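Per TrEMBL, the feature transmembrane segment maps to A:74-93, A:113-135, A:142-161, A:167-184, A:196-215, A:235-252, A:259-281, A:293-311.
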Amino acid sequence: MSEAALERGYRRALRAYPASWRARHGEEFLGVMLDVAAGEGRGKPTRSELLHLMLHGTAARVNRVLQGRRRDRMAAIGTIGGTALALVMMVLGELGRWFRWNSYNLVDHPFGAFTTPAAIAFVLTIMAFAALAAGRHTTARVLHAAAVAASIALAVVLGVTDPAIPVHPLVFSFFGAANLLALFGNPVRTSVLRRLVFIGAPLLGVFITLTSYLQGGGAQRTFWGGPYLISDQRLAWWSLELVVLAALLAAAGPKARPWACLALIPLASLPLSGMFLSLGGNAAIGLIGIQPGVFYVFCSVMGVVSAWVAWKRPVLSFGSRDARPAG
Amino acid sequence: MREPTFLILTALARGRHHGYSLLTETKKLSGGRVSLKPGSLYTTLDRLQEEGLVRDDGEEAVAGRLRRYYALTDSGADALKTEADRMEAGADVARQSLRIRTKGALA
């Protein structure tokens, strides 16, 4: 193959990259590809080279819409949410039968030492967090991908069979979404994100476990498919809402961020108020009541304050002629 | 900081480079262990430019091929130094641990 034909082959492969990227880097990148081929004495592109270009071109397209920092924040949200709820589900749902009253026993056909096969998705999510904490990023990404695949497979399998202990499909929707988000970027790229993830995830897990345990009365049988307030379905639904809202906020660019704060933060009051609805007002335990109205007011105020802070940053534009254009 | 990023910043700390020379220099610096592909290199360069650690430093045409040069910024130099210090501290701890192990074996 002549160099002209080699160049044509590479130009075709470069169409995987967005037009703006090709306008900026296309010619120099082509030069590098041709230099590499000449250095290796090759007259044609290799299959792995073309696949590599396709993957990186796709990544460049994604990066155009969602820059690295925003993707990293979304990945942090997925990691924190997924790990926290996995811990909650393991304690309340899976391992609960070993220490909670009114628990499933062997005649209910639990899943080995656990209670349901959903434990597979929870364990994979927790292992991904542990791999991240150990600095094994590639292993963490593989485990997140495995958790996504396991969530989809389990949703299908448990949906068509009739397990003795039901797991609501929303649980798998949450873990599929959270682990997919975790793959969007590097959730621990900066020191701030690292602290947020490694401190936030376990703290949130412990906090939600304790508050859910108090509200659920400690009975395991009311957790899976139960009609009571704290059940797998409701926890998964509220967590999914919170993770999606947080991810949308993280994905918002500088211009959209004030509007995102105004719209999304108040909306978070709905799942939050549900999660802690019966935490208070119990005369027997004597806990402090947290009425839903408290969340509505608090989140609305936070939404306005956050929008103002996001607007006031000099890189943002809030539709005002005085603001500098977004960076 | 991942190793390819570290190697790219280290190569740029020695002077400006264009794409192909970055590929050869990073391979040389790693003793042949790390062989970056052009796609990975430019993904990393895009990110480093976004983060302000690397900047464009001119371009020229050589034998009909465009070469754009990249250089390390002051922020990039600081980031590289921080990472080098972190790795040095880790290496010192590892060597101390090995000395303790050796003393234990001889005792």
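Any Cβ shown, glycine's included, is placed from N, Cα and C.
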Annotated stretches the transmembrane segment (A:167-184) and the transmembrane segment (A:293-311) touching (3 or more Cβ pairs under 8 Å): no
Annotated stretches the transmembrane segment (A:142-161) and the transmembrane segment (A:196-215) touching (3 or more Cβ pairs under 8 Å): no
Intrachain residues whose Cβ lies under 8 Å of the transmembrane segment (A:196-215), provided they are six or more past its termini: 76, 79-80, 83-88, 91-92, 129, 132-133, 187-188, 229-230, 235, 275-279, 285, 287
